[in-house]
Amino acid sequence: MPDASLFNGTSFITLFAPNISLFQASIDFYTDRLGFAIKETSNQKLVWLQLEEDSNNVSIQLLLDPEHAASVSQIDQNIRNLTRSLYRKDWRSIQSNIAFKSSSLSKLVKLLKDGGHPVQQSPNEISPFEVYTLDPLGSLIGFSGFKNPFAVNERSLLPKVSEEKAYRTEDDSEKLFTPIRKTIGVMTSGGDSPGMNPFVRAVVRAGIYKGCKVFCIHEGYEGLVRGGEKYIKETQWHDVRGWLVEGGTNIGTARCKEFRERSGRLKACKNMIDMGIDALIVCGGDGSLTGADRFRSEWPSLIEELLQTERISQQQFETYQNLNICGAVGSIDNDMSSTDATIGAFSSLDRICRAIDYIDATANSHSRAFIVEVMGRHCGWLGLLAGLATSADYILIPEKPASSREWQDQMCDIVSKHRARGKRKTIVIVAEGAISNDLSPISCDQVKDVLVNRLGLDTRVTTLGHVQRGGTAVAFDRIYATLQGVEAVNAVLECNADTPSPMIAIKEDQITRVPLVDAVELTQQVAKSIESRNFKRAISLRDSEFVEHMKNFISTNSADHVPPSLPLEKRKKVAIINVGAPAGGMNSAVYSMATYCMSRGHVPYAIHNGFSGLARHESVRSINWLDIEGWGSLGGSEIGTNRTLPNDADIGMIAYFFEKYGFDGLILVGGFEAFISLHQLERARINYPSLRIPLVLIPATISNNVPGTEYSLGSDTCLNSFMEYCDVIKQSAAATRNRVFVVEVQGGNSGYIATHAQLACGAQISYVPEEGISLAQLEMDINSLKESFANDQGKTKSGRLILKSENASKVLTTEVISTIIDDEASGRFDSKTAIPGHVQQGGIPSPMDRVRASRFAIRAVSFIEKHSDKCQAFKNSISFRQTDEITSTAVVLGIHKSQLRFTPIRQLYDFESDVPRRMRKNIFWSNVREISDMLSGRTSL
């Protein structure tokens, strides 16, 4: 048995068991597995256990005491939670532990694993310093080979070998090292998409971090079938450096007819066994994932056939009994059910929107119509969101077909009305899978002929084609592809033979696992539903926001051109104001709010230049449709914005103008200043009846620091602008060799941008206000840089990036940190600073910010419609009381796990905000920081 002694010299420890079964199981665990002896049994409910060879007389007092013990359900739940996080989290960060010393960790690990006990080894299974396990009561028990638990420079636990024997044959190396946890193969298949490289990078580094070998399988299933070191290559940590910024897939992709046959899959099976691969991660479309799952289901029969034909040994047959498969969806079409977004979809949408923004200029110059064809096969997601983001005149998508006569009449009616009101350009977006309701395809040439023959428009056709696939991934795809890659590694490590093959999905902005077979089946049902003309079911199988986006496009597209949908008595006067610093999506929110109001019959007003503009200059203008045409694609704030609060501007005058214009509702678009403004307006209701109207805040700030939401307009635009800036800076650092750039990030006291930018840019280090900068951490980071550059000799892409939030430290400024690094480097590398400043606000808003601005604005108007009559009841009340019913009409509209929700400002201000620091109390991006540090190889104190 392994000898052990308690680190801190404690004389005894007491453990409580809730029932006789766990009491006896605990005795067996400590005696049979850990080498304890029963020292004393004074009664049937008390046992003293002591180590047989312990000079310190350390004992464990085990009591059968249901009153003081945790319940059986609590113990079971705790063990389940810890076991579930075995490969995800360090147990020491979750639960306190008892630490012992052991002179034979390998023997201890074998004893524990033979007994079926979960074992976590640190830092990895190849050369562990510490081992942790769980006893039957859920207690966390630790063992170390060090006399000092905090030592890290003790002798190596591996056998010493002479230099000439450092390189051994495969058989010899197996004797020197403990077995690798898993050998993972990762491949990309089907059509390429931006974000595949970040996904592969994450799989490689997460796998290595967790003690696995990782092989990249080149050329998709073709490479798997051909096999050999040319196609199946072991990949090291540094091999994937720089992959974040590269588009497409660096390991190649190809369609493989041979893999569709059993003979091809048999070859693939043999090739994987030859390389020792027992887990496969596939990034591709539904066809690729279907093939992977079929491969897994046939695996037992494939290895049986290989054994019978003597192509593998009996030992190999026993070793590779099971194959774990995990899929991730790489597709620009966003056509997979069970996930809200596929890897590459938002990057493709960005290409489309940029192209249409460029086309807008020439279309406007010549007063032309442009037909733009986008990809998508059976899915109209790209066409729909591109139409919404660019304010296209008309879209044709597979999910909403109409008869040939109907779509032609409808399109011509809308386009002619837009032209009649002074619009010079026409944009029609056609998805490549667009069909009429008789399933006949609709081509761009057909659409062109209709516009030319019926309206006499000078019309051009633009087919974007493979431009939509090209280029580097946007921030969203880099971040979520990386998170999915890490989760895919966790999945193959946690799955067993009975676990259905998982697919990594995004649901409600969270990375989740869904059964791969079910997701593929639902996806294929979309095509079947369209073929059977069941178009309602086809739409229902899309992501949760698809139908809402469709309705929003129809509503905003018909603004001011068709009779309003509300009766006269239901129509309102709705005002909108921008407050705080500019943010991408502000103009999109104003445009969508105004056009939706027009379609409903409301009168939209814009308050220019914030509350100071209203109080000092009565800057109120009703909004005309033609005046805001094209605003959805503009950055900044066309109606002006500043940081002046209502109390500072003169809240009495503000209330007066609200009364004068008879506003029935107000929408505020802005950041923390808008949050405080909403609070002040809500508080002032008791004195000013004109403020007793529905008040809605749409968060819009690059800092993403508004309480009540996990997403603010402008944050995605900021991330993309900052990411592009960092890509250029990192390129400069790499070209110069041995250079570090310390880049300052905006965001106030919020580390949201710095944290996500670290993941998107591949920065080695980020400092954020939530953590601050300690001298110990800075010293460790500098030592890490020294080691990193020392290991880079002869390697390319050797530049480094450090991100520092502007408020991470008042003393350790960007310049100071750079100077310290420069001094400590002693000429081995140098350090420079880069401060992008207000460049981070971005120019043209990202498609995500545009689309979400539209969704936010329309939901805000709907909220005002719903609560306006309720407010009217107490608007002129003399005895005004702030009841829950009243306070619920002044709200922040936010996203929580992809769901839009309205939260009263009073609740957020009183309980969920840190007003002095201009921050929310709940920090929801901590897990992203952990993953960022893991993938950059950084150790955080």
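The backbone N, Cα and C atoms fix where each Cβ goes, and this holds for glycine too.
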Recorded ATP site member, picked from GLY185, GLY191, GLY195, GLY376, that accompanies ARG255, CYS256, GLY285, ASP286, GLY287, SER288 in Swiss-Prot: GLY191
Residue from GLU432, GLU508, GLU521, GLU531 that Swiss-Prot also lists as binding beta-D-fructose 6-phosphate 2 with SER331, ILE332, ASP333, MET375, GLY376, ARG377, HIS466, VAL467, GLN468, ARG469: GLU432
Top Cα neighbour of GLN746 (beta-D-fructose 2,6-bisphosphate 2 binding site) in the set of binding-site residues GLY191, ASP286, GLY376, VAL467: VAL467
Segment confidence, the region 'C-terminal regulatory PFK domain 2' (573-941), expressed as mean pLDDT: 91
Entry from the binding-site residues list GLY191, GLY376, GLY748 having the most other CB atoms no farther than 10 A: GLY376
Maximal Cα-Cα distance (Å) across residues annotated as binding ATP, namely GLY191, ARG255, CYS256, GLY285, ASP286, GLY287, SER288: 15
Cα distance (Å, whole number) from SER331 (beta-D-fructose 6-phosphate 2 binding site) to GLY287 (ATP binding site): 11
For CYS256 (ATP binding site), the number of other Cβ atoms found within 10 Å of its own Cβ: 21
Residue pair ASP333 (beta-D-fructose 6-phosphate 2 binding site), GLY285 (ATP binding site) - Cα distance, angstrom, rounded: 9
Assigned conformation of ASP333 (beta-D-fructose 6-phosphate 2 binding site) - DSSP reduced to three states: coil
Binding-site residues compared (ARG460, ARG469, ARG918) - the one with the fewest other Cβ atoms within 10 Å: ARG460
Candidate with sparsest Cβ neighbourhood (10 Å radius) among ARG255, LYS832, HIS838, the listed binding-site residues: HIS838
Winner by Cβ contact number (other Cβ atoms within 10 Å) across the binding-site residues ARG368, ARG643, ARG739: ARG739
